[in-house]
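The block underneath contains the structure these notes are about, expressed in structure tokens.
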Amino acid sequence: MIRLVTMRGRVQGVGFRAFVEFQATGLDLEGWVRNRRDGSVEALFSGPADAVEAMIALCRQGPSAAHVAALADEEAHPDQLRLRRAGERFSGLPTV
């Protein structure tokens with residue numbers, strides 16, 4: 001299962017990307033996370049359906065300093081995994 005997830009609210013400047021990277025690594029997911037200039041955080045998760053769904057649930061909560069006002073997720077194409085850094089299962093990417 002591959003899902004593209006976008007979180008909106010107080011999600012930048014609160015450790016959200018580090019939280020996502022830590023949790024996704026713990027769930028053995030592949031993918032990436034990045035800030036967007038519009039103030040949202042975007043992440044791609046690839047792995048077993050139960051692990052991806054667990055990660056999406058964690059994103060709804062976020063780290064303690066965050067407030068997720070909205071979360072959208074959609075099916076993603078495997079080509080989007082290519083955005084991560086070579087040799088990494090899960091990457092934090094630059095802002096777009």
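Glycine is no exception: its Cβ is also placed from the backbone N, Cα and C atoms.
Feature list (source: Swiss-Prot):
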ACT_SITE  R17  active site
ACT_SITE  N35  active site
DOMAIN    2-94  domain 'Acylphosphatase-like'
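Over all protein chains present, the Cβ of N35 (active site) has 19 other Cβ atoms lying within 10 Å. Annotation for R17 (active site): same-chain Cβ neighbours under 8 Å, separated by at least 6 residues, are V33, R34, N35, V41, G92. DSSP assigns N35 (active site) to a strand. With DSSP states grouped into helix (H, G, I), strand (E, B) and coil, the domain 'Acylphosphatase-like' (2-94) comes out at 30 helix, 33 strand, 30 coil.
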